[in-house]
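To keep things clear, I will list the structure first and then write my remarks on it.
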Amino acid sequence: MDRKQLQYQVACMRKSLFDQGYLDEQFNQLEDLQDEANPNFVEEVVTLFYSDSARFIHNIEQAMINKPNIDYGKLDDYMHQFKGSSSSFGAKKVKKECSQFRECCSAGNIEGCIKTFRQLKLEHATLKRKLETYFQLVKQAGIAERR
Amino acid sequence: MLNLGYCKGSMSTASSGGVSDQFPVGLRVLVVDDDPTCLVILEKMLRICLYEVTKCNRAEIALSLLRENRNGYDIVISDVHMPDMDGFKLLELIGLEMDLPVIMMSADDGKNVVMKGVTHGACDYLIKPIRIEALKNIWQHVVRKKKNERKDMEQSGSVEEGGDRQQKQSEDADYSSSANEGSWKNSKRRKDEEEEVDERDDTSTLKKPRVVWSVELHQQFVAAVNQLGIDKAVPKKILELMNVPGLTRENVASHLQKYRLYLRRLSGVSQHQSGMGNSFISTQEATYGSLSSLNGLDLQTLAAASQIPAQSLATLQAAGLGRSTAKPRMPMPIVDQRNLFSFENPKLRFGEGQQQHLNNGKQINLLHGIPTTMEPKQLANMHHSAQSLGSMNMQLNAHGDQSGSLLMQMSQQQSRGQILNEATSSQVPRLPSSIGQPIVNNALASGVLARNGLAESGRGTGFNPVSQSSSTMNFPLNTTAELTATSFALGSAPGVPSLTSKGMFPEEISSEIKGPGGFIMPSYDIFSDLQHHRSHDWELQNAGMTFNGSQQSNSLQSNVDVASSVLAHQGFSSSQSNGQGRNISAVGKPMFSAGDATDHVNAQSLGQPLNNFFAENLVRVKTERVPDASLQTTLFNEQFGQEDLMSALLKQQQQQQQAGIGPAENEFDFDGYSLDNIPV
């Protein structure tokens, strides 16, 4: 694939990520931060997020599963953090699920929490895959550029 | 268009090169957020704004960074939700200790949270996710703050701009009290060099005084007075000798009055006089719940000497006694001077006062053999609280770059208090340890004196590691952003580990820091403890109030008894380095600022109920905004600005430090300091 085609693909994929609601404006903000000094800044941030979020997910699961008395306050705290983190790079759907989860939490709706959490994990994993693909494409286009 | 005044002797940015010319380029920002993703993004954004960024993922680390290098940062941005410390606590602490503008940020945009930010003194509140546009203008907060401070300085008659730290502190204090300056001055003039207490009725509404009688300032003052001769020392001459820009004759005059009171008390010239000097303390003791009769006596004398507002005294009494035994009539005139004094060094006072108060109360009771209505336990509690407060004060003082002397003082006080506690109540077993370890006092972290000893050593060691850690921490933190996403593997091992490890590093460091002596932790703990205790009953509050007002109590102590002086000396000799004190300060500060975790503080420092009591009071004082005039009343009755309290406490500590400058006079100085608070 020549450079132009790669770039076109990158642009398309990016657009679809936005159109499908996976990403929001904040992602643009991050992209604007990229410069020569940090050409892969967004990728780094996303990587960082996913390494950190694994911990979040684990904590939340621990707090929720097999627990007779769920500590909603703690769950809410975790989720608040998770929400802040995911929104920082524009993970729109993930953020939405976080809000949903927090609502269930405040309502004490454990069923809702479990269900929402499942959905959240799904969105979380989906976005990860998509972004992985996207960044790979970006790299390829970038390499193609340098040729 | 940048106001070049910014660079003119600006407090914190003067040291940074190039800031003045290209401001806001090079603005030194400290970012605190436990979320690594956000932290990295913020850092990048700030760098693009051409700011100088330091990342930090733990509030404690941020605090130690700030403390190590007070002038190293211009502005702080902190997240609200952090695991190790509530962002608002950090906000208060920073406001109190370093007085830097702090911007809060959170994904939470609820009105309550934003309001909390405002009330805690945040200069701005950003909603996450943060856009770079929001960060581009943060420099305005730095300029605004400096501008306001400069204005205060000018209002206070100081010609200097961006003078020394004292000036700054004064300005800070002045800022809120500038409006009251006029009336306060007038009343002060009347009382100038008068030794009558009865005239202290005015300025009950005085706000915090602008002048902060730091240790150094007080030392200068004492030197000048000694040079002139105590009998011949007049404010004008003292002012000339001191040659401190920005200091007014009125400031000196009021301080002189207090100082005279203190001296009189020390010399024990007359019961009345000493009573007056101690009145404050006595009163506090009374409030402690010492004796109702004593209360009455104390209150009166105290009121007279310290001009404690009747209301506050009553409150104190009630608080101290845990019952409403407040004297219906408080003969004492409003102690604006005292309050002023307190405010001048509110920080010092609080800590000291509390300690002293406690100690004094105890001592007095013991010495005079006055039957104490207060149960020993209560007293012990008070003492403990006082002690913890004292330690807090000490910390505060230390934090305020005070010499170790203050710490020593605090230690002494605490030791004394502790000793007293022990004497008075069987609860306090730690007399020996307290004596031998002034630091203990400082080490709020150590609830038990023995612990204190431990804390001492721990602190010493802990402190160093902390600093080291912090520096090392900075490094990784700073470099984290640089992580080059070598391999993009979102979930893959290679990329992630490097990131995580980096991310982990700071955490490890913090744990390291905590390890040695939990140096940082203690302060934090105390802080949280304070918060817990917030909900304590009024009694405690009142007790705390007495403490605050009880700078005099310190003096009272000295008057009271030799044992305390012995203790004091012991404490003095064993006082710890400033470093430790610093820790304490930090701790104390949190306590103060937190105004919440009194329990914690107490528990830490002495692990005694008294401490809790004390801490609680202390905390309360802090949380409430205390008008100068009625330090005590307002403290408990009204909402004090935390900043005010903190600064008051810090000032107190400073004062105490100053007082404690002379080794031989440790006790004297220390006590004297409190006496100073009591207007004659």
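Just so you know, glycine gets a Cβ as well, placed from its N, Cα and C.
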Which range of B:256-280, B:631-655, B:656-680 is region 'Disordered', per TrEMBL: B:656-680
Tertiary neighbours of B:Asp79 (4-aspartylphosphate) (same chain, Cβ under 8 Å, six or more apart): B:Val32, B:Asp33, B:Asp34, B:Asp35, B:Cys38, B:Gly87, B:Met104, B:Met105, B:Ser106
For the domain 'Response regulatory' (B:28-143), residues assigned helix / strand / coil by DSSP: 56 helix, 24 strand, 36 coil
Residues of the domain 'HTH myb-type' (B:207-264) by DSSP state, where helix covers H, G and I: 38 helix, 0 strand, 20 coil
